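**Q** Below: one structure in structure tokens.
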Amino acid sequence: MVPRRPASLEVTVACIWLLTVILGFCVSFNVDVKNSMSFSGPVEDMFGYTVQQYENEEGKWVLIGSPLVGQPKARTGDVYKCPVGRERAMPCVKLDLPVNTSIPNVTEIKENMTFGSTLVTNPNGGFLACGPLYAYRCGHLHYTTGICSDVSPTFQVVNSFAPVQECSTQLDIVIVLDGSNSIYPWESVIAFLNDLLKRMDIGPKQTQVGIVQYGENVTHEFNLNKYSSTEEVLVAANKIGRQGGLQTMTALGIDTARKEAFTEARGARRGVKKVMVIVTDGESHDNYRLKQVIQDCEDENIQRFSIAILGHYNRGNLSTEKFVEEIKSIASEPTEKHFFNVSDELALVTIVKALGERIFALEATADQSAASFEMEMSQTGFSAHYSQDWVMLGAVGAYDWNGTVVMQKANQMVIPHNTTFQTEPAKMNEPLASYLGYTVNSATIPGDVLYIAGQPRYNHTGQVVIYKMEDGNINILQTLGGEQIGSYFGSVLTTIDIDKDSYTDLLLVGAPMYMGTEKEEQGKVYVYAVNQTRFEYQMSLEPIRQTCCSSLKDNSCTKENKNEPCGARFGTAIAAVKDLNVDGFNDVVIGAPLEDDHAGAVYIYHGSGKTIREAYAQRIPSGGDGKTLKFFGQSIHGEMDLNGDGLTDVTIGGLGGAALFWARDVAVVKVTMNFEPNKVNIQKKNCRVEGKETVCINATMCFHVKLKSKEDSIYEADLQYRVTLDSLRQISRSFFSGTQERKIQRNITVRESECIRHSFYMLDKHDFQDSVRVTLDFNLTDPENGPVLDDALPNSVHEHIPFAKDCGNKERCISDLTLNVSTTEKSLLIVKSQHDKFNVSLTVKNKGDSAYNTRTVVQHSPNLIFSGIEEIQKDSCESNQNITCRVGYPFLRAGETVTFKIIFQFNTSHLSENAIIHLSATSDSEEPLESLNDNEVNISIPVKYEVGLQFYSSASEHHISVAANETIPEFINSTEDIGNEINVFYTIRKRGHFPMPELQLSISFPNLTADGYPVLYPIGWSSSDNVNCRPRSLEDPFGINSGKKMTISKSEVLKRGTIQDCSSTCGVATITCSLLPSDLSQVNVSLLLWKPTFIRAHFSSLNLTLRGELKSENSSLTLSSSNRKRELAIQISKDGLPGRVPLWVILLSAFAGLLLLMLLILALWKIGFFKRPLKKKMEK
């Protein structure tokens, strides 16, 4: 291998990706985007394609995969170790892992093996690196099985594994050489042998070669099993000398090779194809034997290639016709593919390539399975994951690129069969090239482990398969499907334990090629919550929408996109990272490498409870140029503290480099404010300002600080704060003492805690109804360095100073509050979606003295969510665990009434049977116990949740004709003799947020006339796995499918009207199906129209009605009226039937016609129609 110039890799303290980023343009929390460490390498080597944080006894490192290192020829790929936390910057070092990554006893092809494209750390120390395009040669075929290596903590390859298989393209080749004196020069024959043998993979389980030389006698130069490698055979072949002799006994040489060289004693293998290559330069002296010798070779299936060297004839100017015909007769059929001739010995090397290709073609025929690949092209190691017990290796190329997951544990390797991951629907329409194993992961649940694999090309929309390992067998539990064709749903999987209880809380599934509204590859991440052994959809995450502009002519474009495709590919990398913001919950980082015209960006989402917050906490853009540095966010890892500050750091890779971002500590700052006096009493002035008496107030503001990561240590913080008086008013009613300003700004250094005092005075204003709000805003003096403020806590504090109570001349205010409540619904709430609203109207009235700080407190059941308020007259509501609404603040006067509405929405995570609300009205004023009974109201309203499903029905036939002249068969031997088949299909598809309940589907159809004649005959039904239909006695009740013969009587004629009135008189059969909860349920019923009944019946046309009725088995989960029933009408008509009109109809019609004629004649007579005016004129 030609030595290659090592890539120039330098570590710089400032991340070169972020030089062009302005801090203000990105949402920032506690990942430091200014002071980072970067590692750069050639973009053409894909340096940065994978990254992992790593620690061993030598120190802390960033491991970086570079799958195409070795440009421009070998491109084996490799892994670099990049030191961090050292006093001085040190370069990254290539580990040269492919050199020691090897599988014994195979001919390896490491070029383009993309080693380092998969890189995962081992929880027990060391790491795993894979080259999914590693191949080995089997004959002339290259099998891309992929390979993975366990690397020790000291960066040494411990062992390598790949699903290599024994080559089944084996050949036993015996070369029969003419060594007579006429062969000249002999060196040309040896050169021919060398060129031919170099092209063969020689070994005990591959091709074996033996050489026989003949002239007057036959010599075995070496046997088939003599040498076990190509190199050994070449050495032996170079030592072969010419035997000599005056005669050429070709038939003897061939027959000896057949009888002796192809025996097991000389290394021939049973069942292996036999090949003989005969090289000669003249006619044989025993050609009379050739015909029988060749027939014996044919009988033993020996393929023969014959080579005629014409040098002796050309040098003697002799005719070659007879010689060529003899050598052609030796070759196997077809002769044109098995016979060669060369002008002389020197020209032998010119046919080596063609001869080799034709011999190699026999290898392919020896392995008939080569047409359909199993693990030969598996690309094992395309993805990898360490679970508790198993190492999971994705093998996307297995089974004709359907893919599989190789499970390895210690020395055990489980390679699932092609059908192992096929679900029942998939067997009917087997997916091709679904790439199962594109990514793999696992989830830990109490007492078990779930294994997860993605197949992004399944059914073109993608799928995720969840399964368990039970005694080495795979048991599929669930599949999750994508929603958009080509989105690559399932190409990225990550599981995460948010609350650190050792059990998985979420599964995140990436669909990085999800198309946005403008056909840009926006990308999408689906979040699923773990519920026992199943995953339930929770939410979707999307990036900032990218504007795709190929030309600046578009007015909305501000920057032209130079790179295609446009978009973000959000979800290309999804990493579960340890608690970044030190809030006790683990976090998620998602890469969007195509953002900003292929520069790339990442998004950080903080964990909360058992899920993540839907809004991202921080977006880190690359700032790269999209060429020398691009696809920032291609790889992410954040598991370790690499600089010793106790905080998790994040490593982000792209093509051309990687960056290590340090996390900043989180400062917890809490502020309290107290006032003396704590109420404003205008009647009691306590100071003079500018010669006027007024009310002065002393404010004490205390700051308490600590670091989240070091709560027990003393922390000193430099803060800047600003105090604003009467902050709710545009014009303030108070100023700070000694100034005429409502605002002051100061700096303070706080060591654990510190209190300061400020005084202010009230202005002579007449508006003293609303309290005075004092607002204190604070921030760190240097927000770009050191810790950051906790974003879970406010950096603004508000306190209200109320005015003194107005109770007239009384010292005590005795209020009497009443609370009246009404709701929009009283008897039953039907909830159709989480956006449905439920209003509660509250009326608070004070029948006593002024009630100060009047408020209503609302407690509600967890199936309700506070949405907002309407029509409130004063102030507003706050919602924490309870809803507290200030009513008439600061006081509710005597006789005053306030009415407002509280609006609720429904929490789809808690489906309770009742909506329960407890409301109370209270104040800071006194109220007698006997008047408190009207201060509280309890509401309990039953709730039902309308499941958003879709209920479809269809039939294969809607009209069937019965010929009038059709005859009734004497016997019914099979269902084909009964009549037309009608297939009825029912589909129930889940929609909406509510879970699917257990359902009951009742399918009714007319099966017998009133006289007991069959109408529709059920021959069977089928359904999805979650459906169970009964009774089975309805299925083929006459047993016709079982071979029972049925005799039909032709003499009977149905009473008139029996069929015509079938809708009301026919007997009805009902199939009842129980449906377990599923996103999709299907039931198909096959019915036969019993034609003998309709042939003997009198009718022209009628409808048969089939009814499907759906019912929920859960009293809380109901169905909408539009999704409960479905009816299908099948029209039956009789063709060519003459109409038979009743006699009374004929007589009545004749009488009516005569009566009408008489009336017409009478009318004409009355108007003189029958008089002749001309006759009267003549008479006159």
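Note: Cβ is positioned from N, Cα and C throughout, glycine not excepted.
Pulled from Swiss-Prot, these are the listed features:
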{"type": "TOPO_DOM", "residues": "29-1142", "note": "topological domain 'Extracellular'"}
{"type": "DISULFID", "residues": "CYS82-CYS92", "note": "disulfide bond"}
{"type": "DOMAIN", "residues": "175-364", "note": "domain 'VWFA'"}
{"type": "REPEAT", "residues": "365-417", "note": "repeat 'FG-GAP 3'"}
{"type": "BINDING", "residues": "ASP497, ASP499, ASP501, ASP505", "note": "Ca(2+) 1 binding site"}
{"type": "REPEAT", "residues": "556-614", "note": "repeat 'FG-GAP 6'"}
{"type": "REPEAT", "residues": "618-678", "note": "repeat 'FG-GAP 7'"}
{"type": "DISULFID", "residues": "CYS687-CYS696", "note": "disulfide bond"}
{"type": "DISULFID", "residues": "CYS702-CYS755", "note": "disulfide bond"}
{"type": "DISULFID", "residues": "CYS807-CYS813", "note": "disulfide bond"}
{"type": "DISULFID", "residues": "CYS877-CYS885", "note": "disulfide bond"}
{"type": "DISULFID", "residues": "CYS1029-CYS1062", "note": "disulfide bond"}
{"type": "DISULFID", "residues": "CYS1066-CYS1073", "note": "disulfide bond"}
{"type": "TRANSMEM", "residues": "1143-1165", "note": "transmembrane segment"}
**Q** Ten-angstrom check, please: count other Cβ atoms within 10 Å of the Cβ of CYS877 (disulfide bond), all chains counted.
**A** 18
**Q** Whole-number answer please: how many Å between the C-alpha atoms of ASP499 (Ca(2+) 1 binding site) and CYS877 (disulfide bond)?
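**A** Just about 31 Å between their Cα atoms.
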**Q** Per DSSP, what is the residue tally for the repeat 'FG-GAP 3' (365-417) in helix, strand and coil?
**A** 10 helix, 22 strand, 21 coil
**Q** Name them in sequence order: residues not among ASP497, ASP499, ASP501, ASP505 whose Cβ is within 8 Å of the mean position of the Cβ atoms defining the Ca(2+) 1 site.
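**A** Residues close to the Ca(2+) 1 site, other than ASP497, ASP499, ASP501, ASP505: ILE496, ILE498, LYS500, SER502, TYR503, THR504, ASN586, LYS610.
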**Q** Determine the minimum-neighbour residue: among CYS696, CYS702, CYS813, CYS1029, CYS1073, listed as disulfide-bonded residues, which Cβ has the fewest other Cβ atoms within 10 angstroms?
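**A** Selected from the disulfide-bonded residues CYS696, CYS702, CYS813, CYS1029, CYS1073 on minimum Cβ neighbours within 10 Å: CYS702.
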**Q** Whole-number Å only: compute the distance from the Cα of CYS1029 (disulfide bond) to the Cα of CYS92 (disulfide bond).
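**A** Here the two Cα atoms lie 66 Å apart.
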**Q** Restricting to the chain of ASP497 (Ca(2+) 1 binding site) and a gap of 6 or more, list residues whose Cβ falls under 8 Å of its Cβ, or answer none.
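**A** Within the chain, ASP497 (Ca(2+) 1 binding site) has Cβ neighbours under 8 Å at THR444, TYR503, THR504, ASP505, ALA576, ASN586.
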**Q** Cα of CYS885 (disulfide bond) to Cα of CYS696 (disulfide bond): how many Å, rounded?
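**A** Their Cα atoms are separated by 29 Å.
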**Q** Taking each of the disulfide-bonded residues CYS755, CYS885 in turn and counting other Cβ atoms within 10 Å of its Cβ, which one has the fewest?
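**A** Across CYS755, CYS885, these disulfide-bonded residues, the one with fewest Cβ atoms within 10 Å is CYS755.
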**Q** So if I measure Cβ to Cβ from CYS807 (disulfide bond) and keep only same-chain residues at least 6 apart in sequence, which ones fall under 8 Å?
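**A** Spatial neighbours, sequence-distant, of CYS807 (disulfide bond): CYS813, ASP849, SER850.
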**Q** By CA distance, which of the recorded positions (ASP501, CYS755, CYS1066) lies nearest to CYS92 (disulfide bond)?
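**A** The smallest Cα gap between CYS92 (disulfide bond) and any of the recorded positions is with ASP501.
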**Q** Out of the recorded positions ASP501, CYS687, CYS1062, CYS1066, CYS1073, give me the one sitting nearest to CYS702 (disulfide bond) by CA distance.
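**A** That would be CYS687, the closest of ASP501, CYS687, CYS1062, CYS1066, CYS1073 to CYS702 (disulfide bond).
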**Q** Quick check: of the disulfide-bonded residues listed here (CYS82, CYS696, CYS1062, CYS1073), which one has the Cα closest to that of ASP501 (Ca(2+) 1 binding site)?
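**A** Nearest in space to ASP501 (Ca(2+) 1 binding site), counting only the disulfide-bonded residues, is CYS82.
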**Q** Measure from the Cα of CYS755 (disulfide bond) to the Cα of every one of the disulfide-bonded residues CYS687, CYS696, CYS877, CYS1062, CYS1066, then give the nearest.
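**A** In terms of Cα distance, CYS755 (disulfide bond) lies closest to CYS696.
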**Q** Which residue among the binding-site residues ASP499, ASP501, ASP505 has the fewest other Cβ atoms within 10 Å of its Cβ, if you could check?
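**A** Among the binding-site residues ASP499, ASP501, ASP505, the sparsest Cβ neighbourhood within 10 Å belongs to ASP501.
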